[in-house]
């Protein structure tokens, strides 16, 4: 433990035993980065510590969280899961798991960031032995930043192609079309077919121009992962444009990001309302909405329904990525993060439910026009965005207008999720750097390097075999399995190692009152049990990755996928094991020492109630003349 002395009510710690970004000085005597100006080091020494940014207005934080958490999954995944898993019945497990798992962890991550004033890694100074959770979240969000932007690139490509009198995916006869291309078909035309359970496309071996545009023009799909092929330069330019947009949204920090999200987070709602009004006026729209909500009570007995509800909650709430922690770290210390978390969770789930009406009104129209059951046109993920919906708009009057509106909404939904994800990664990265490494334009250069590295990796996804690479990232790197693992350990560490009551007191110190005891019980029991239960089910019933129900990935492709997943999941046990092995003393002494919190400089405003700084459990406001500097000792 560090040597401590007290002078005029201020604790000081010997410089050679201090480390990390929350205190100063570094090995060369230069100040380390912190959260506010302070006097540190030997008595009488003054070290300037750069202040941490805060949101200009609290609404900036709200809109940033809405922009990040409300994304493509709310629009293209939730409606399909609701339809597939019993319609309105799916809302029962969805709401239950949101109350038991989603909202408590959502609140936990935001409040942790606000209390510790640190990004995804240094926030775990609250229990340094489990700092591997921070490294794991950095790995996951890096993967997300890498592959998620591909959806933006495809959406931008479709948006550009929408500015024509005739949509290119509406007709055959293009260079990318095959002789099997057919523009319009109806199920009644197959009345004489011998296999009534097949569609016209399947019976006649015909292909829609929408599918051929997607596979032959946009993806230029090769035979498999082992055949990468050449770059698609049109999509590559769209990808580059998206990364440039992300860079200029993030490069100046949260003060500029907080302004941009006012547009990127709100305008998609305007488009959703416009699309809903248009959709409900189309023939067959009511049938689609009925199928979306029609309850099938037998589905409640299916474990898969509960698994789908759980994975959707954790994915759509953006839990385990560290970005919510980073956003919360820019709040004022006394911001009511409890109220914010409840509001944001309601907005997130409400958007998912509302988007279902938009999607299924269009799918109902599409099924009516083609004379097929809605199950034949209902899709999720990229299949909905780039096949089902583009096909539906070709059947509407003024098709280019509705296509442009949809893909512009898609671009905005993905853009704010993307640049807030990059913001979370950069925040965690810069928090690690001591002030001795500080230089002008540090943030701008760091963001540029991050965007460039991700862009180079993304080039593997704009080749002919790029879709297979994208699917690997999507299925393994930031899957429900990795997020559930992350959420489980977050709850265990805060509730059982740091202490649930202790953290409730810390939250009360920030917001002025203790949150509902339900939060404490969820962190301690219900949420970890739900997370581990769904995690085990996912692992036991894991199915090998298959693309489009036809292409089975080779064994080495599966191995790469599992490497993605394990690269984040192993951060927690490996870091824990490494710290315990390096520490000295008995195992009990090592555990006790390594689980003691490391307090940051922003706690200057608060006093430890007992004389041992390392034993801080409750913080209370004090006057300017009686502050305590709480710092870390060497691990």
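Any Cβ shown, glycine's included, is placed from N, Cα and C.
Keep in mind that what you see is a predicted model, and the values were worked out from it rather than measured.
Positions annotated as compositional bias 'Polar residues' by Swiss-Prot: 1-11. As annotated by Swiss-Prot, N-linked glycosylation site applies to 192, 197, 548. Annotated phosphoserine per Swiss-Prot: 623, in sequence order. Swiss-Prot lists 1-60, 109-138, 252-269, 416-444, 501-520, 582-635 (among others) with the feature topological domain 'Cytoplasmic', giving sequence analysis as the kind of evidence. Residues annotated as topological domain 'Extracellular' in Swiss-Prot, with sequence analysis given as evidence: 82-87, 160-230, 291-304, 363-394, 466-479, 542-560.
Long-range Cβ contacts of the topological domain 'Extracellular' (363-394) within its own chain (Cβ-Cβ under 8 Å, at least 6 residues beyond either end) map to 72, 76-77, 79-81, 83-84, 151, 154-155, 158, 167, 169-170, 185-188, 199, 208, 210-211, 213-214, 218, 279, 282-291, 402-403, 406, 410. Summarising model confidence by region, the topological domain 'Cytoplasmic' (416-444) averages a pLDDT of 81. In three-state terms derived from DSSP, residue 548 (N-linked glycosylation site) belongs to neither a helical nor a strand segment and is classed as coil.
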